[in-house]
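Structure first, commentary second.
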There are 2 protein chains.
Amino acid sequence: MEYKIGTGARCAVIGYGSWATAIVGLLAANGQRVGWYVRNPEVLESLRTEGRNPRYLSDLEFDRDRIAPSDDLDGVVHDADIVILATPSAYLKDFLAPLTVPLRDKFIVSAIKGIVPGDYQTVVEYIHDHYGLSYKQIGLFTGPSHAEEVSRGKLSYLTVVCTDPGNAQRIGEKFAGGNIRLSYSTDLYGIEYGAILKNIYALAVGLAVGLGYGDNFLAVLIANSAGEMTRFLEESYPDKRDTQVSAYLGDLLVTCYSVYSRNRRLGLLIGHGCTVKSALNEMTMVAEGYFAADCIRHINARHKVDMPIAETVYRVLYEGAPARRSMQELTTKLI
Amino acid sequence: MEYKIGTGARCAVIGYGSWATAIVGLLAANGQRVGWYVRNPEVLESLRTEGRNPRYLSDLEFDRDRIAPSDDLDGVVHDADIVILATPSAYLKDFLAPLTVPLRDKFIVSAIKGIVPGDYQTVVEYIHDHYGLSYKQIGLFTGPSHAEEVSRGKLSYLTVVCTDPGNAQRIGEKFAGGNIRLSYSTDLYGIEYGAILKNIYALAVGLAVGLGYGDNFLAVLIANSAGEMTRFLEESYPDKRDTQVSAYLGDLLVTCYSVYSRNRRLGLLIGHGCTVKSALNEMTMVAEGYFAADCIRHINARHKVDMPIAETVYRVLYEGAPARRSMQELTTKLI
């Protein structure tokens, strides 16, 4: 089935975290009224009365005429043509559980960089399988994007990915604005898996930092991570793709070098000597890389790509392999 | 002419900066007596009496039986089979000026990441042309390597590059040790140009930081720099090379993300509003990227590779293009 997004298509955003809030900010700045599913009563109330999300990016003030926050998921989805998913991947199923309105005539955009825990599926694959949607009506919105920088108007490059370039353009127009540069791609598989893999690599970087490795080694680890990502994409789903651009390598770099990354923090705690269990308990939210490491290993059992870095992270997180010795073994496999 | 390095080959190092000092440290730790040309009288005296370089890596204590520091360049070169160049590229000619001993039976290893100012040549090309040496008797010693980390025993990956893999192995053995991982390559052209280009890109990163761009943009700039480097190497000298490893991308990352990089600092000063002239005056030593930007532009006039980042740096440094507007124009060319 072809699916063509019209110029007047209405958008709705699902989620109320920092990335969801930044996305609503971009859409609203473009003059649209944005549907916004917010299931948290405190956040909802504050958005309605003050035009502010008190939990995330609380500096960002919305024009209240341009947002339509609501805790009625069916209503929000019903009124939208493009539904943008921006929840943590771990809670996606939970967020969508109340939905009874069918999605078959909607275009779904995932702004989630992660996998759906328990199903060994990416968000795109999950939406495709679980809701019976064609890949032609699912897209991605991604890029190296600390939400804080996007919302403060720092120049950011975002990529819209759809199998149909016309649809990507339609979606991109909704986000176009002063400090956003848009790129377009049709590589739904590669960009989604790249974004998932980078969380595993940020976790590996955290492990290395926690274990006391220096900047020389981090650069080697991250360069080899970029190579491992490219290799995985090319061997599991060959395509003409250049990974040395913002949506792949750029996203990897911003995550691996960010001291704020949850994935890096999880690795850091374990590298410092925490058990995996106590490190997970320390985190207020589970790092995406934790689920991704398990999922990628499961998927790669089929492709058999040589992935020493992802494999090391998996063994430390899931098989009780000691972090120090595992990282030492990994150092012999990098070039 | 074939050139085979023997197992008993003796090494000498030319230069007394931090990288030269770290290299002597690695060689001496391996039990060899290392010839060392040190033209600075204060440094020479201190090395002879205390086994320490008072200017660079002054914590590093040499076993005085294992180093042979001298200000007699001819003597040092005469007694060596492998001559390792580790001066700043800007002063290479000056350092080698007193040499009267012929180099024709020596193996020359450049540990310099830069070009020879005025000649539009890399160090390898300069040695080849000026001393009439075959490319078979010239190598490189490179990698992501803050000298401080190497000398403090932090795990570092270094790459030895020779057209003959056997020679690379012979040289590598001299450096092998606890915290050094050695890689080998035959890509003399690609690794040397990659190491030169990365200085230009670190300068671009400094410009962006100085102008107030954020982490999202830096990741995009560095990802595109990696792509530009790969493109330049592939179009100017096609070879089967994977640039997502330590010697290319790793070296780029450690330089671009280092707040200590001289190149980054030069860019930062200009980004903050200094004129190029006053920024150069602020620096105690000229950043390699300054010469590299001119040289690469000259060389690329022949190859005509699309290099928007290197071109922007050139125009800001040499043509008086305003930094802010030039960077803004560059942002429209990245993806």
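Keep in mind that glycine also has a Cβ here, set from the backbone N, Cα and C atoms.
Automated prediction, rather than curation, is the source of TrEMBL annotations.
The domain 'Glycerol-3-phosphate dehydrogenase NAD-dependent N-terminal' annotation in TrEMBL covers B:12-165. Feature annotation from TrEMBL assigns NADPH binding site to B:Ser18, B:Trp19, B:Arg39, B:Tyr56, B:Lys113, B:Ala147, B:Arg262, B:Val286, B:Glu288. Among the features that TrEMBL reports, sn-glycerol 3-phosphate binding site is placed at B:Lys113, B:Gly143, B:Ser145, B:Lys198, B:Asp251, B:Ser261, B:Arg262, B:Asn263. Per TrEMBL, substrate binding site is recorded for B:Lys113, B:Arg262, B:Asn263. Annotation source TrEMBL lists NAD(+) binding site at B:Ala147, B:Arg262. Per TrEMBL, the feature domain 'Glycerol-3-phosphate dehydrogenase NAD-dependent C-terminal' maps to B:187-326. For B:Lys198, the entry in TrEMBL reads active site, proton acceptor.
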Cβ within 8 angstroms of the Cβ centroid of B:Lys113, B:Arg262, B:Asn263: which residues besides those meet this for the substrate site?
B:Gly114, B:Asn199, B:Ala202, B:Thr255, B:Ser261, B:Ala287, B:Glu288, B:Gly289
Go through the binding-site residues B:Arg39, B:Ala147, B:Glu288 one by one and keep only those whose Cβ is less than 8 Å from a Cβ of chain A; report them in sequence order, or 'none'.
none
Give me the non-local Cβ neighbours of B:Asp251 (sn-glycerol 3-phosphate binding site): same chain, 6+ apart in sequence, Cβ-Cβ under 8 Å, ordered along the sequence.
B:Lys113, B:Thr142, B:Gly143, B:Pro144, B:Ser145, B:Gly194, B:Ala195, B:Lys198
Measure the Cβ-based neighbour count of B:Ala147 (NAD(+) binding site), defined as the other Cβ atoms within 10 Å of its Cβ.
21
Mind computing the max CA-CA distance among B:Ser18, B:Trp19, B:Arg39, B:Tyr56, B:Lys113, B:Ala147, B:Arg262, B:Val286, B:Glu288, which the record assigns to NADPH binding, rounded to whole Å?
23
Sorry to bug you, but what's the C-alpha spacing from B:Ala147 (NAD(+) binding site) to B:Arg262 (NADPH binding site), rounded to the closest Å?
14
Whole-number Å only: compute the distance from the Cα of B:Ser261 (sn-glycerol 3-phosphate binding site) to the Cα of B:Glu288 (NADPH binding site).
10
Let me know the most crowded of the binding-site residues, choosing from B:Ser18, B:Ser145 and counting other Cβ atoms within 10 Å.
B:Ser145
Measuring Cα to Cα, how far is B:Asn263 (sn-glycerol 3-phosphate binding site) from B:Ser18 (NADPH binding site) in Å?
16
Measure from the CA atom of B:Ala147 (NAD(+) binding site) to the CA atom of B:Ser18 (NADPH binding site) and give the result in Å, rounded to a whole number.
6
